[in-house]
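Per Swiss-Prot, topological domain 'Extracellular' is recorded for 1-37, 94-118, 184-191, 267-279, and the stated evidence type is sequence analysis. The N-linked glycosylation site annotation in Swiss-Prot covers Asn29. According to Swiss-Prot, the transmembrane segment annotation covers 38-63, 73-93, 119-140, 164-183, 192-211, 241-266, 280-300. Sequence annotations record features per position, and here Swiss-Prot assigns topological domain 'Cytoplasmic' to 64-72, 141-163, 212-240, 301-344. Residues annotated as S-palmitoyl cysteine in Swiss-Prot, with sequence analysis given as evidence: Cys315.
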Amino acid sequence: MPMQGAQRKLLGSLNSTPTATSNLGLAANHTGAPCLEVSIPDGLFLSLGLVSLVENVLVVAAIAKNRNLHSSMYCFICCLALSDLLVSGSNMLETAIILLLEAGTLATRASVVQQLHNTIDVLTCSSMLCSLCFLGAIAVDRYISIFYALRYHSIMTLPRAQRAIAAIWVASVLSSTLFITYYDHAAVLLCLVVFFLAMLVLMAVLYVHMLARACQHAQGIIRLHNRQLPAHKGFGLRGAATLTILLGIFFLCWGPFFLHLTLVVFCPQHLTCNCIFKNFKVFLTLIICNTIIDPLIYAFRSQELRRTLKEVLLCSWWPGCWAEGGGDSVWPGSCVTLRGPLPP
């Protein structure tokens, strides 16, 4: 489990992370050489998890409430929010349980603790896999919406999206169960690392291709209106910056965790690797940060979703407003029918 003095079963080959007395300090490795170790306070870890939990619950509630958002694209975004919710929730639950056990507040049998430990590990692993899968699914959906715009609604039908979502959840739960069961095999960790790299390559290829097509389209418009080329260059730079931010956040938040798994396989006893292992909780914190950032990138950019979210928040204080909107969108006349597969 990801706490001081405890560890995840998936990473059972690691030594327990020693307690650090400062937020940023130097810990000694086995030879006495200084080793940089960053300690994440439990309060900060739980606070970030709570922010992620609330944020993703709001996304799920907004999409579930507004029927205009019941398209394949928003189904993938909703499932991404749900998987991120489970990532943060499972880590918060695990952290809280360990704190209670260490404080002596929660007293139970070792067998019960082990069963709970295994269940939370499966939930955490499966939700992480789902989160990565739905990030890839959103990229594929947007790619189809751009390159097959005229056939998008016949390709990405809601039943097909629902079948894909069900397949992702089932495959993630089954594979995570196998991963936790055979956690001590190097092949398990390598499979996870390869899966992460595959998702990274998939997203990079699709988004780069989409950026290239967008630049070509912008260049065609510029030529049509006899404008100057610098405007096209500015568009390309903005698109490249957006793409860099999107992929950069994904890599920076998930990369350290999978680097950690890679080092577990190839240098479990190396002194430098042991220094990296001491910062395992930092890597988990980065993943929690990614679950906070995902709604900002994929959900809250949609004007329709933001409007529905405001209505959900208002109606949480004034329950009578649900009846005024007829059940679709809360306020009369606020429904905006989606007329295309454009991403939010």
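Counting begins at 1 with the first residue displayed.
The backbone N, Cα and C atoms fix where each Cβ goes, glycine too.
Keep in mind the model is a prediction, meaning the values are calculated, not measured.
The recorded stretches the transmembrane segment (164-183) and the transmembrane segment (73-93) share 3+ CB pairs below 8 A when only pairs 6 or more apart in sequence are counted, and are therefore in contact.
The transmembrane segment (38-63) makes no contact with the transmembrane segment (192-211), as judged by fewer than three Cβ pairs under 8 Å among residues 6 or more apart in sequence. Helix, strand and coil counts from DSSP across the topological domain 'Extracellular' (184-191) read 6 helix, 0 strand, 2 coil.
Over all protein chains present, the Cβ of Cys315 (S-palmitoyl cysteine) has 18 other Cβ atoms lying within 10 Å. Per DSSP, the secondary structure of the topological domain 'Extracellular' (267-279) breaks down as 7 helix, 0 strand, 6 coil. Mapped onto DSSP helix, strand and coil, the topological domain 'Cytoplasmic' (64-72) counts 6 helix, 0 strand, 3 coil. Confidence in the topological domain 'Cytoplasmic' (301-344), given as mean pLDDT, stands at 58. When the topological domain 'Extracellular' (94-118) is classified with DSSP, helix, strand and coil residues number 19 helix, 0 strand, 6 coil. As a summary of secondary structure, the topological domain 'Cytoplasmic' (141-163) carries 20 helix, 0 strand, 3 coil according to DSSP.
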